[in-house]
Structures are given as C-alpha cells and as structure tokens.
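Working notes, structure below.
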Amino acid sequence: MAMVDQPLYPIAVLIDELKNEDIQLRLNSIRRLSTIARALGEERTRKELIPFLSENNDDDDEVLLAMAEELGVFIPYVGGVEHANVLLPPLETLCTVEETCVRDKSVESLCRIGAQMREHDLVEHFIPLVKRLAAGEWFTARVSSCGLFHIAYPSAPEALKTELRAIYGQLCQDDMPMVRRSAATNLGKFAATVEAAHLKTDIMSVFEDLTHDDQDSVRLLAVEGCAALGKLLESQDCVAHILPVIVNFSQDKSWRVRYMVANQLYELCEAVGPDPTRSELVPAYVRLLRDNEAEVRIAAAGKVTKFSRILNPELAIQHILPCVKELSTDSSQHVRSALASVIMGMAPVLGKDATIEQLLPIFLSLLKDEFPDVRLNIISKLDQVNQVIGIDLLSQSLLPAIVELAEDRHWRVRLAIIEYIPLLASQLGIGFFDDKLGALCMQWLKDKVYSIRDAAANNIKRLAEEFGPDWAMQHIIPQVLDMITDPHYLYRMTILQAISLLAPVLGAEITSSKLLPLVINASKDRVPNIKFNVAKVLQSLIPVVDQSVVENTIRPCLVELSEDPDVDVRFFASQALQSSGQAKMSS
C-alpha cells in the first residue's frame, strides 16, 4: 500500500502547502515545482500538476510571480517541446491578473516557451491564445497580448498573418491607454517580424495613429518605435515617414515626449542617416538644448558629444557650441553637471584650435562651478583634452583651477582631486609635478578629514610607483621624517600608514635604513593608538625586510610592546610576533 501511495505524496504535500496561510510556505512549494515534477514524472506532471496549477487561485502576487517564472523553464519536465502546449493554460490565466510584474513575467515565460514550440503547435495552440487575450474583456489580457505577437506571427499562415496585423491595429486604437502603451512598446519587436511590403502599409499606419495619440504616455513610447522602425525601413522611407515624426515630437507640447526625443536622438540620427541629420535634426536638437524644461536640457546636454561626432566640426562649432556656452551657465546645476560629464569628449571632434579658443573657457568656468559634481565631472575627463591641446597649454590654463580645487571646502572635491593626481602626474611628467603639485600631496596628509588623509597616503604610494624609489627618496622620505614628530597624534598615525604602503614599493634596503628607524622610535610614543599602529606597521614590514632585520630590530620592539600596560597594544604586538614566528618558520 505504501508503494502505491508514494507517487501521490509530492502532489498531496504541494496541495497542502499551496493552501497554507503562511505565504513563505506557499512560495517555497512553488519554487520546488521542478523537484516535484521530477518526482511525479512527465506524464503525471502533464495530467495532474499543470491542471492543478491552472486552477490554483492564489491571490498573493509574490506566489503568482514565482509560478510564472517557474513555468517558463518547465518544458523539460512535461516531456519536451512536443508537449509544451500544456504549459499555456496556467500562463494564460496569469496574463490576466492585475499585478503588472506578474503579467510581464507570464508574457516573458510564454515568449520563451513559444520560441521553442513546433510550428504546427504554434498555429494550433499559441496563436489562438494570443487572439483570446487580444479579445479579452478585461484590459489586462489585451495588455499582455501585445507582447506575444512577435512570437506568433512568423509561423502563422498568410490568412492568419493578415488577421494578426488587423488585431494589432485594433489594439493600437484601444479605448484603454494602458493597452495602447503596451502596443507602442512592443511595436518594434512585432515590426521586425513583419514582411517589408506590409511594414510600409499596415505597420506605418498603426505607427501613425500612435504618434497622434492624445495621451503623452503613449506618444513617448512611440518615440522608441521611431528608432526601432527606422532601422527596419530603407533610408528613403525612413526620411519620408520617420523624420517628420521626430521633428514634430521635438516640439511636442508634453515635456516627457521631448525628453524621450532628447534621449533617443542619437539612435534616431543613425536611423535616418547623416544628410537628413544635418538639415533636419540639428535644428531640432538645438531646440531641445534650449528647451524650457530642465529635464529635457539634461537629456540633450548628455548627448552633446555623441551628436557632435555625427556632424562635421564646422557644423558643431556653428550650431552646437553656442548652445554649449549657454548650458555651461544654466540655472540648473544638474544641466551643468550633465554637460560637464560629456563636454571633454568634444575636444577631439572640434580639433586643437577650436578647443583652445572655444572650449577651454567653458571648461574653466565649469571647473569653478559652485556645485561639486560639475567640477568632478570635468576633472575626471581631463585626459581627453590633454590628447588634443597638449600638456603645456592644459597646465597653464587648468592648473590654477586644480590647485584651487585641492583646497576646496567640500572634502569630496578634495578627495576626487587626490584620486586624479596619479593620472595628472603621469600626464604632466615628473618635472612639472614637482614644481606645481608635490607640495599639495604632502599638505593632504594633514587634512582635517580622515578619508582625505587615507587617500593621500595611498596617493603617495601610487606616485612612488609612477616615479620610482629614487624620486621618493628625494621628495617624499625627507618630509615623512619631519611629519612623524607632528604634535597631533592623528597625523602621526597617517604617516605610519604611509610608511606601511611605501615599504613594498621602495624595497628592503631603503625600508631598513630610512623607514624602520622611524617606526621603532614611534613605538615609544605616549599615545596607545600610535603604539598599536606601530605593531601593525611592523607586521606589514616583516615580508619586506631581511630575516636578520626582523630578528635584530623588529622582534625586540614587538616583545617590548607585548608587555605594554594597554590591552590593545599587547593584542596587536602579540599578533605581529605570531606573524614573525610564522615568517621565520617558512624561511
């Protein structure tokens, strides 16, 4: 008897768990569907499990979402693609629920299953499902149907294809804006499967309706359709049908539609080609750069470099640069920030002369902007300008601004400058760096903010790597020797951190002769925090110096620290001693 009951057990447990009040139990049982299906076998999964799931009327969206996800990968458990159609009914039900994320996941799973189904199964089962959803009384079914047409259409016979195109046309004119939005979103995918002859007639007339929709939420989705359809049409059709739509959209009464145009304009330019871009889209883009809504200007400003690359330098200087000048003093800090993040890329497009004459003054004004993000965005892209105008001009014009930023009252701005110092150092060269920026690097080690001091210590290490140990010996070590006796214990701690970072770069000899004596002296400090940091630094120096130095200098100092009255000092000293013992054994 037990043997007979055994296969019933998984489905019985599943039924119990799916009816349980605890949502976590219900979720867990749904996530174990594949295990249950394997236990039941393919036939019983088809005949018992799937019908049970179709009838399951759980009202919790989380459970339904998990079920929609699981069913998308269920083909192997029902016996392969020849039985894939049994998975359609439960997913069809899920396509009609109110929660958007459940419907989206169900459509995604149906697309995954439909892509694997055999052609005659698609005609027999999948296409009728699409038609039922498209004719659904409740708008949710019609919304879901829009995402399935691109799977159903390619394998349909000619008569059905005509019907599917007509149904999609009706969905684009549906009374409910949500349905029209879904139709607009999925138009590009559907259009990609439609034959070229019908593309120009049926699809373009549907697209025309969407572009004149009275809801801006539908029109802004039609903007995305412009780019998708533009790639499918031949260039002359694109200019005839898509270009006028883009130009109209760029003057749309809704700022959201104009925002979408500003975001998509680069892709739209690629679709219509270079000549129409220059004649028709440049004026449209200039309008967007001067739009009265800050959000539209932000989107347009972020594309200024990409757009300039499509044009020749003369056109960019004539039309785009005047707008860029206006945007650099825009009332919205976010517009200036968006411009600052891309404006450096214009330098290679405009060439050396135009960059020096026109762009450099804009860079300088943005570098002095009151908003930190604007300044950061300029600093982070300096290398692009350097490639165009050369280091001498760059340093003459930008260095005073960089020095000013290095002392900025916002610590995040100072931090960003520190992070770019190694980049600047490698670009400016050793001589220039020593003259102008060397003193700044040492100054940061005494900053009031810990993050700056920490970054400054790392910065010194990176500079030592860039310029070599000899340079470090000449320019860094003497100043480190002076600062280790600073009256403020926090600055002394920063120097200890800098020593532990510099040691591996400078090598055993310099570490033993110059750095180690400083650390040993610091072990006599009256502040316990310094002493336990000395123990940590000594531990980090063990792998760098020779074993004899460890035995004669480091270990005696650590033994002394391990008998310190402070508990933390003793802890870190004994930890370092343990490390030195292991190092000795391994050597």
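Placement of Cβ uses the backbone N, Cα and C atoms for every residue, glycine included.
TrEMBL lists 10-48, 164-202, 203-241, 242-280, 281-319, 320-358, 359-397, 398-436, 476-514, 515-553, 554-587 with the feature repeat 'HEAT'.
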Intrachain neighbours beyond the repeat 'HEAT' (242-280), with Cβ under 8 angstroms and 6 or more residues off its ends: 207, 211, 216-217, 219-220, 222-224, 226-227, 229-231, 233, 235, 287-288, 291, 293, 295-296, 299-300, 303, 306-307, 310-311, 315
Residue numbers, six or more beyond the limits of the repeat 'HEAT' (281-319), whose CB comes under 8 Å of its CB atoms: 243, 246-247, 250-251, 255, 258-259, 261-263, 265-266, 268-269, 272, 274, 326-327, 330-332, 334-335, 338-339, 341-343, 345-346, 349-351, 354, 358
Reported mean pLDDT - the repeat 'HEAT' (203-241): 76
Other parts of the chain folded back onto the repeat 'HEAT' (515-553), taken as Cβ under 8 Å at six or more residues beyond its ends: 477, 480-481, 484, 489, 492-493, 495-497, 499-500, 502-504, 506-508, 560-561, 564, 566, 568-569, 571-573, 575-576, 579-580, 583-584, 587
